[in-house]
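Features of the protein shown, as given by TrEMBL:
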- 6-23: transmembrane segment (TRANSMEM)
- 61-82: transmembrane segment (TRANSMEM)
- 158-178: transmembrane segment (TRANSMEM)
- 190-208: transmembrane segment (TRANSMEM)
- 220-238: transmembrane segment (TRANSMEM)
- 244-269: transmembrane segment (TRANSMEM)
- 281-303: transmembrane segment (TRANSMEM)
Amino acid sequence: MNGSLVKLQAMMFLMMLIGIILQKRKIITKEVRKGMTDLVIDVILPCNIIQSFRLEFDVSVLMQFAVIFGVAVCVQLVCWVLGKVLYRAKDPGERAVLQYGTVCSNAGFMGNPIAEGVYGSQGLMMASVYLVPQRIVMWTAGLSCFTSKSEGSVVKKILTHPCIIAVEIGLALFLFQIPLPEFLGDTVKSISGCNTAMSMILIGSILAEVHIKELLDKTALFYSAVRLAVIPGLALLGCRLFGIGGLVAGVSVLLAAMPAGSTTAILAARYDGDAVFASKCVTLSTVLSLITIPVWCLVLDAVL
């Protein structure tokens with residue numbers, strides 16, 4: 001994995017550098033970035049997910065689906081407990097941000113291309129299944145950190161999320177071995193190929209706005225340590241204790257090691273949370289993840 005990891009990291013750094021340059025030159029403005037984000041989440045990522053399921057049926061893969069889904073549920077439960085226990089002394093605005101950011105990471109946006117880059121199409125497929133519990137928690141327990149929503153609106157949000165729909169379509173294609181018409185399959189494959197580049201360029205454009213002095217917040221640093229080191233460490237420990245290894249453990253730990261998602265800051269701003277503090281947590285954890293993710297890849301390479 002070491003050679004491919006170095007190549008992957010170099011490629012992703014270059015893509016992020018392009019995003020930084022485009023933001024500095026004001027080609028990617030906040031409005032443009034919002035449109036690009038919607039394009040990734042609503043179109044490119046769903047195509048990427050569907051493409052990852054277009055494999056020959058294998059019962060062992062189906063068993064891996066069940067195992068990684070179970071691991072993801074356990075990770076979400078641990079994250080929820082950590083969020084409740086670690087941040088009880090914080091003021092309500094910060095506490096909401098910290099609890100949400102602990103439960104909901106950037107695994108969907110940043111984790112998918114990394115899982116695909118390290119483990120190939122099967123890694124992406126496993127990542128897509130792993131993310132289903134997080135997407136459910138994001139719009140239920142996660143959202144409750146900031147506001148109370150009616151049960152009907154939450155269920156609708158989950159069922160109509162483009163990535164959840166893509167997983168359902170992908171599973172149907174995989175389980176029933178449904179072939180797509182050539183023109184449709186080629187379209188999905190072509191759009192799917194844009195995912196890594198678009199995601200990394202967007203992350204670069206976000207990092208371009210970073211002012212290091214503003215990020216030196218003790219609470220944000222503590223949160224980043226929990227998000228980037230403690231949670232994936234517990235995920236790895238759990239996998240080892242229960243004899244889970246290989247692809248399932250690798251993808252689970254990598255996705256557990258992702259930084260805070262941008263929705264943390266978005267929801268904080270929308271529901272009168274501490275939006276400034278949320279932005280610090282998102283940015284700081286993202287910057288530090290550029291160091292911690294390669295470290296976790298090396299750890300996984302050594303122990304799995």
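Every residue gets a Cβ built from N, Cα and C, even glycine.
Ranked by number of Cβ pairs under 8 Å to the transmembrane segment (220-238), the listed stretches 61-82, 190-208, 244-269 are led by 244-269. Here the transmembrane segment (6-23) does not touch the transmembrane segment (244-269). Their Cβ atoms form fewer than 3 pairs under 8 Å, with each pair 6 or more residues apart. Long-range neighbours of the transmembrane segment (244-269) within the same chain, counting only residues 6 or more positions beyond its ends whose Cβ lies under 8 Å from a Cβ of the stretch, are 37, 64, 67-68, 71-72, 75, 93, 96-97, 100-101, 104-111, 114-115, 118-119, 122-123, 126-127, 130-131, 138, 143, 146, 206, 223-224, 227-228, 231-232, 234-236, 238, 275, 277-279, 281-282, 285-286, 288-289, 292-293, 296-297, 300, 304. Residues 1-2, 5, 9, 13, 97-98, 101, 106, 110, 114, 118, 203, 206-207, 209-210, 215, 217, 220-221, 223-224, 227-229, 232, 236, 240, 249-250, 253-254, 257-262, 264-265 of the same chain sit 6 or more residues outside the transmembrane segment (281-303) yet have a Cβ under 8 Å from a Cβ within it.
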